[in-house]
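Quick look at what Swiss-Prot annotates:
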BINDING   Cys40, His65, Glu66  Zn(2+) 1 binding site
ACT_SITE  Thr42  active site, charge relay system
ACT_SITE  His45  active site, charge relay system
BINDING   Cys95, Cys98, Cys101, Cys109  Zn(2+) 2 binding site
BINDING   Ile177, Asp197, Arg202, Leu264, Gly265, Ile266, Ile288, Tyr289  NAD(+) binding site
Amino acid sequence: MKIKALSKLKPEEGIWMTEVDKPVLGHNDLLIKIKKTAICGTDVHIYNWDEWSQKTIPVPMVVGHEYVGEVVGIGQEVRGFEIGDRVSGEGHITCGHCRNCRGGRTHLCRNTIGVGVNRTGCFSEYLVIPAFNAFKIPANISDDLASIFDPFGNAVHTALSFDLVGEDVLITGAGPIGIMAAAVAKHVGARHVVITDVNEYRLDLARKMGVTRAVNVAEQKLDDVMAELGMTEGFDVGLEMSGNPSAFNSMLKTMNHGGRIALLGIPPSDMGIDWNQVIFKGLVIKGIYGREMFETWYKMASLIQSGLDLTPIITHHFKVDDFQQGFDIMRSGMSGKVILDWE
């Protein structure tokens, strides 16, 4: 049986609608009928066919890794799922036999394979993944929100790396993940949550999500904002979401002594760092990749159920046949999360 899918068919800019074989269910797998998918920044990199994509992505391949769907097939070894369960899923497929996997630190697996990056993705009518990777969505969480659990998980993993209660938090980079991290920080009790960017559309979106201040660093100095807020000692926690060297270095300058930084944004490999700031301030820097399995997922569901409102971050919906419009708006930078409807 042939099904509809969005694939990287050629080693050049673009993503194409195509037909592929329906995936085959393995003994330990679930077959998921896709309801909605969201376009990730990673998918935009793959669309643009940048240096990272050229080194990483096999062609041809179905892409995508942010989704919600319904279980329609269950492998014979699988327990704990039923036909009709609504699920999203962890996009990092881990080996199960390295030291970190066996020690319960699966997010640190050294043999991680990415759905829609190293193997067939979710931008199709059906997806097969290991049942271990599926996460049941509580009934009171919408399909829209469930479809963005993967990037929301990046935000939650980054934000909850350190205690935020009563702390002043600086977030550099107001992409969807940065904005969601800001909303999480505010929800769990941070005092001042300041987010920086140069994209006014995204900063406005951050304001709608309740940040203390959204700062356009092309027009305003961070030092002035700190003074206006009555901050005398610098930020306690930094969440770096941009991969931008000047953003990271301004974060280092404005951190308090003993401050803690979580890095999710991917900087150029030759980024210069003022290490004196790190050493003499006694800063702690932690790299973040993916989500903790599955602690982050439980936290995500609980945060939404306890009143965290992420709905403003979802700005556009398109039918899957209009996927090109979705990619165009994502590439313009004038969007939050963009959802493609497969039903």
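Keep in mind that glycine also has a Cβ here, set from the backbone N, Cα and C atoms.
Cβ neighbours within 10 Å of Glu66 (Zn(2+) 1 binding site), excluding its own Cβ and spanning all shown chains: 30. What surrounds the Zn(2+) 2 site, by Cβ distance within 8 Å of the Cβ centroid and not counting Cys95, Cys98, Cys101, Cys109, is the set Thr94, Gly96, His97, Arg99, Asn100, Arg102, Thr106, Arg110, Asn111, Thr112 from the same chain. Closest in space to Gly265 (NAD(+) binding site), of the recorded positions given as His45, Cys98, Cys101, Cys109, is His45, taking the CA atom of each residue. Secondary structure at Ile288 (NAD(+) binding site), as computed by DSSP, is coil.
Excluding Cys40, His65, Glu66, which define the Zn(2+) 1 site, the same chain contributes Thr37, Ala38, Ile39, Thr42, Asp43, Gly64, Tyr67, Gly91, Gly116, Gly121, Cys122, Asp150, Pro151 within 8 Å (Cβ to the Cβ centroid), listed in sequence order.
Here Cys98 (Zn(2+) 2 binding site) is compared against the recorded positions His45, Asp197, Tyr289, and the shortest C-alpha distance is to Tyr289. Of all the recorded positions in the list Cys40, His45, Cys101, Cys109, the shortest Cα-Cα distance to Ile266 (NAD(+) binding site) is found for His45.
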